[in-house]
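I have placed the structure first, in the form of structure tokens, so that the comments after it can refer back to it.
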Amino acid sequence: MQLSAVAHDYYDALRKSILFFEGQRSGKLPPDQRVKWRSDSALHDGSTAGRDLTGGYYDAGDNIKFGFPMAFTTTLLAWSIIDFGRNMGPELKNAVKAVKWGTDYLLKVTSTPDVVYVQVGDAYSDHNCWERPEDMDTLRSVYKIDGSHPGSDVAGETAAALAAASIVFRSRDPAYSRLLLNRAVRVFDFADRHRGAYSGSLHSAVCPFYCDVNGYQDELLWGAVWLHKASRKRKYREYVVQNEVILHAGDTINEFGWDNKHAGINVLISKEVLMGRAGYFESFKQNADDFICSILPGISHPQVQYSPGGLIFKAGGSNMQHVTSLSFLLLAYSSYLSHSNKVVPCGETTASPGLLKELAKRQVDYILGDNPLRMSYMVGYGSRYPQRIHHRGSSLPSVQAHPARIRCKEGSRYFLSPDPNPNVHVGAVVGGPNVTDAFPDSRPFFQESEPTTYINAPLVGLLAYFSAHP
């Protein structure tokens, strides 16, 4: 079903999608903090391990810092800037700040060689309470990987984030860029030497929340690809070529998200093939073409559905993460194809760059209100948007409005209240509607009503592009 609505203000949506990250900040907030209902929080993170692990982002509507999705968020924010920063105008500086808030934290958690601190906060303790991050009195347990307890998945993603961000800062802050790249090299080396999934040794802490279901092999390739792009050292190119089959580059190619990097790996490498610079990567381009065909309406893989209103849908909850990340790849690949005057062969048909852009744009427009409910799924954008998002800080009165502490179970009445959240979390994109386009605007329905950083990160790039090419 094709739905057309009023023309969207993509730049306004871009501004809001970046502002969202300020509402997710943990630690000591800077003087230029724009989201005023938030205050300092988790100022002693890491103290139980004798480390300063303050800062970073809360990944969603709770108060835990999960390293795996935080690193992926940082990688995707950096990729958004690398490919579409030229379209961001005055918002580019805020997007760069959002990346740096992530990388400053990732530098802290990787400061000791062969150790990565991958989580702060006990998920069960945290999820048992409904309280503001500023009031947090739940366990702030610290979890790490090391040589005896490997985590090539989260370490590989962390290396990818540091390497991608080093490209963002290459001309803006060369010294910081070098620091990021050198750290990425060290962390990737650790990930590769000590192979294993972090949910092996940390199962009780990270599962079922950010359990590595997909294996760590894709993160090793992903980290190597970003190091290849950032360093231009032959060793990373050779690593990618030599490990393509061993690390299963062609597996599950219709997936891209915090746990599965396969489609992203193939699209990212294909740029060099399409520019005529890297014939040795040709098989990755074939994989990227197969990925595109696997998500096209009408010929898509059984795991990729479309709702009656036209939204990409994949089973497993928080569907908007798939919508934004897959759409980002459609747009990025479309740009790479355009520059080389190529199309994607899909059996009897072909997919032009214009078709890929149109499909990505349709997904973005659905998020912004072109859908059966005529509802924007970005908080604060448009006249109708989710009012009761599953987010502790947004749903509880701010410290300014209610200075007294609101303890663990005292927050339950706010969680269960039918009233709209008192703090409008501008730019937050929620998990979204189900496969029938229905959406319960209710906090307990967290798969639909909870925002996440990794929903927004690829959306930043999409909105930047469409603000310049509406």
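Glycine residues also receive a Cβ, built from the backbone N, Cα and C atoms like all the rest.
These come from TrEMBL:
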{"type": "ACT_SITE", "residues": "HIS390", "note": "active site"}
{"type": "ACT_SITE", "residues": "ASP441", "note": "active site"}
{"type": "ACT_SITE", "residues": "GLU450", "note": "active site"}
{"type": "DOMAIN", "residues": "10-463", "note": "domain 'Glycoside hydrolase family 9'"}
Whole-number Å value for how far HIS390 (active site) lies from ASP441 (active site) (Cα to Cα)
9
Tell me which residues of the chain lie with their Cβ under 8 angstroms from that of HIS390 (active site), as long as they are six or more apart in sequence?
GLY61, VAL430, ARG443, PRO444, PHE445, PHE446, SER449, GLU450
By a 10 A CB contact count over all chains shown, which of the active-site residues listed here is most packed: ASP441, GLU450?
GLU450
